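Remarks on the structure that follows.
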Amino acid sequence: MNPPLRRVGVVALVLFAMLFVNLNYRQVVKADDYRTNARNGRVQASEYERARGKIINAQGIAVADSQETGDTLKFLRTYPAKDKYAHVLGFKPVNLGATGLEKLNNDFLIGTSDKQAADRIAGLFTGKDPAGGNVLLTLSQATQEAAYTQLGNNKKGVKSGAVVALDPSTGAVLAEVSLPSYDPNLLTVHDGKSASAAYSKLDGDPAKPMLNRAVQEIYPPGSTFKVITSAAAMTADSSLTPDSTVQGGEFYTPPQVSDFRIKNAHEGICPDQITLKQALTVSCNTVFARMGVERIGAEKLKAMAQAFGFETQPRFIEDQEKNYCNVAASHTGPMTAGADNRVDPPAVAQSSIGQREVKMSPLQGAMIAATVANGGREMRPYIVDRLQNADLSNADRTDPKELGRPISGEVATALQQMMFSVVTSRDGTGRSANIAGLQVGGKTGTAEDGDDAGDHGWFIGFAMKDGKPIVSVAVFLENAGKGGSAEAARIAGLVMKAYADEKGIK
Amino acid sequence: MTATAIPSPSPTNPGDGAGAPRPRTRRNVELGLLLFVAAILLVYAAVVEGNAIGEVTPDFWVQVAILAVIFGAAHVAIRFVAPYADPVILPAVALINGIGIGFLRRLDIGRAKAPLRADLSVFGGDGFRQLGWTAAAIVGAVILMLIVRDHRSLSRYAYTLGLAGIVLVLIPAVLPARFSSINGAKLWIKFPGFSIQPGEFAKICLLVFFAYYLVRKREVLSRASKRILGIDFPRGRDLGPVVLVWLLSLMVLIFEKDLGTSLMYFGMFVVTLYIATVRVSWLILGLGFFIGGAFLAYFLGKTVGGPFLNFSERATTWLDPFADADNKGYQLVQSLLGLGTGGLTGTGPGAGQPLNVPEVRTDFIFSGLGEEIGLFGLTALLVIYLLLVERGLRAAINVRDSFGKLFAGGLAFTLGLQVFVIVGGISQLIPLTGQTTPFLSAGGSSLVANWLLIGLLLRISDASRRPAGGAPSIGLGGASSGGGGGAPVQIQELPTEVVR
């Protein structure tokens, strides 16, 4: 029996050799794969060795914080404001990739950014662990709070919508809210299973709570687009002023077209002869449709929209490759028909009043209002005001940047007057946006969204004091139905008032 | 069966040492190796504390010292009970067992909150419990060696032990799941407060029976009927017991949902069958049966489901664990990530994060260790296991009786097979099964059963190296162990008589 025993010894040797070879494969060949695998909690653990920097709003309140835990992962990412800042901040989970500002500023927050190289080198000598830096936002505590609360408590009972508020003179984002929102704290818990269950639930929710409707989605702008149509008309014809008389009427049918007509929202609001200012004040569709087709034309209308930023993805930072989320470009659509792509007058007529294929993001709406308030100078929007080292010294500061001047100062002033009238006239559609002590201008919009769904309610506007722009805002109520734009205007007024109060402007 | 039926090993075979001058007991070698092991364990414990706590506490040596006392006592006992036993076996097991306790202690430290780690009692936690089980297991092994003064006496209880083995195997399958199922495998008998894994003990019982049965039947079983491709295949009617064991192991696979145990039993049987008959055909047939059975179970699981589902799911997970990395593949994925993180040299004892690996105390202790001691450390552990297996086989080669050869060969190979099944499982070489890693995993059943196995190997190696003149008379051993039951057993009727 000894020869087979020896052979069994060889068999054992072979089995162990197989184990050895396989362990070599796992621990040497695949080692780097496994070590850096996203599911390897150890990778995160090393990232969680140090406190991740805070994200702080303009009032110095931390809206993303790190709490010490005593676990293997030494710090827990928390969002004290819960749902209120969710879409802007994004979240930094243990098992999934970071999103939002957490992703954009990840290097700086964990302390490995190029901007912190000096800090790290100093750390080698002082022996101090390089800590993550803080990100300081432009977002205003009161404005964000008002936007979130007032949008959520809208009287139309609308569940989804967005608010964007900007400082017109700098482009600083003062508020950015998208509803429905979510609590990012559920996604950053250290229990991976519970975090991924929470993520799956949000991801599968038909209401799309993780979608940032303020910047990631575009919607038909409806009558708010008439600001651009007006700008294009006055730029094309310098003799046209807010007080010029233009042709209105109950219906408008473009020349050489028979089976098509544009009508107004209500009968009797739009006489045959009407001033341009009054046409905007009562939101006269026939005036702007006619101007689009007969005075401006598709090319100039599209060009004006592009000058305001349509067809371009808005960028929040200097680096043109990066954005804090997938920001959507607004667009006008081609306004053509047929295989030969000739200009289609009905399409131009509809596009002039913000229908057809025109789509705009709430951010773009706020940018249009801001540009008008800022005398025609459009500023690049930005959310990160400063990057602050762990020792509270400045690492970087965002300088406001002018994107361009889509309209002249004269046209801007004319548009301001017209938009003031929308809010202050007795028959203005945006009356509910008015704030005592400030000059408020704006434009409402009611946009058809298919046959069954209710119309979207829009308001884009601004507040000024002594000729200086204070704040601009866009409020969007998705499928709000009848009266949605008036409710949007009311919310916009409250948001702008919150900012003015916080600033002490009365 | 008569003496002439058993081919006698050549007395001039230099490897057998039968003709050598009276061998030394080499007990001092064992003592020296044990001291070396204690030194390694002491260093390991100190490094663990240094890395995991940040300081070496004044108590770091306590568990190692207790362990040293236990192994010292085992060494002294062996001097009296089995003076000629292989001097490498005890230190090799001591090292693996000691590293296991050290690692469990390290997990205890890791689970404690950082500020409390330095004050963590050495008389608690999994580490200390494992230490207690080790003491119990070694006492059990020494008692076993005291009772079984001659391993051949075991063969007299072959049928009783065989029946006991089958009963032990089947108890968990028959019991309702709430008394027997842990993590999906029905391998346990659950008592309030603790559970035992009867399969661990069944292994030894079944081996006694296999060895006894095969020694008696080897002639019949080695009779060839057909030659196919130059290999002699046994006669159809002789296949009966093989088919029986095959069915038994398939039942384990299906009803206890455990591929590992099933593979163990079947492998154990096929290998002892091969050693007994020297017919490669048995190996081929056995392997064919097992692979065929596993494939059948896999496809039945895919199509029919039911009791076969568990196995086919495990096989699917094995083929691509990352496909369902958060649920079914979670354990294996985390195990692989731990191994990969360790890489060549490991993070150092106490410096890794083995608690990321689920079930790291038991099934996945090898991957937990792999993160911290790296490929180098795991290879060293594998070499020590292999050394144990080869030492066991050496005892089998040197022992003079057929029963002893088969039994020791089976024990040694079973140990190696178990290491292969679990280490292969956690490193994605073969489908993962719920086996314990011998002497490493937390758990009393496995530790006690494997130490009993080592006790028997020591007993057989003692017999194999004992000079012929110094051997206790077989008659004496037989009379003493059969003393309670009236008439002494006739040696000539035993199938395991000494061939000189």
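Heads up, the Cβ atoms here are built off N, Cα and C, so glycines get one too.
Features as listed in TrEMBL:
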- B:1-22: region 'Disordered' (REGION)
- B:31-48: transmembrane segment (TRANSMEM)
- B:60-81: transmembrane segment (TRANSMEM)
- B:88-107: transmembrane segment (TRANSMEM)
- B:127-148: transmembrane segment (TRANSMEM)
- B:157-175: transmembrane segment (TRANSMEM)
- B:195-215: transmembrane segment (TRANSMEM)
- B:236-255: transmembrane segment (TRANSMEM)
- B:261-277: transmembrane segment (TRANSMEM)
- B:282-301: transmembrane segment (TRANSMEM)
- B:373-393: transmembrane segment (TRANSMEM)
- B:405-427: transmembrane segment (TRANSMEM)
- B:439-458: transmembrane segment (TRANSMEM)
- B:477-500: region 'Disordered' (REGION)
- B:477-487: compositional bias 'Gly residues' (COMPBIAS)
Paired segments the transmembrane segment (B:60-81) and the transmembrane segment (B:127-148) in contact, 3+ CB pairs under 8 A: yes
Candidate ranges B:261-277, B:282-301, B:373-393, B:439-458 - greatest C-beta contact count to the transmembrane segment (B:195-215) (under 8 angstroms): B:439-458
Whether the transmembrane segment (B:405-427) meets the transmembrane segment (B:88-107): three or more C-beta pairs under 8 angstroms: no
Close approaches to the transmembrane segment (B:261-277) from elsewhere in its chain (Cβ under 8 angstroms; 6 or more beyond its ends): 169, 187, 199, 203, 206-207, 210-211, 214-215, 217-218, 221-222, 242, 245-246, 248-250, 252-253, 283, 286-287, 289-290, 402, 405-406, 409-410, 413-414, 417-418, 421, 433, 435
Candidates B:127-148, B:373-393, B:439-458; stretch with most C-beta pairs under 8 Å toward the transmembrane segment (B:88-107): B:439-458
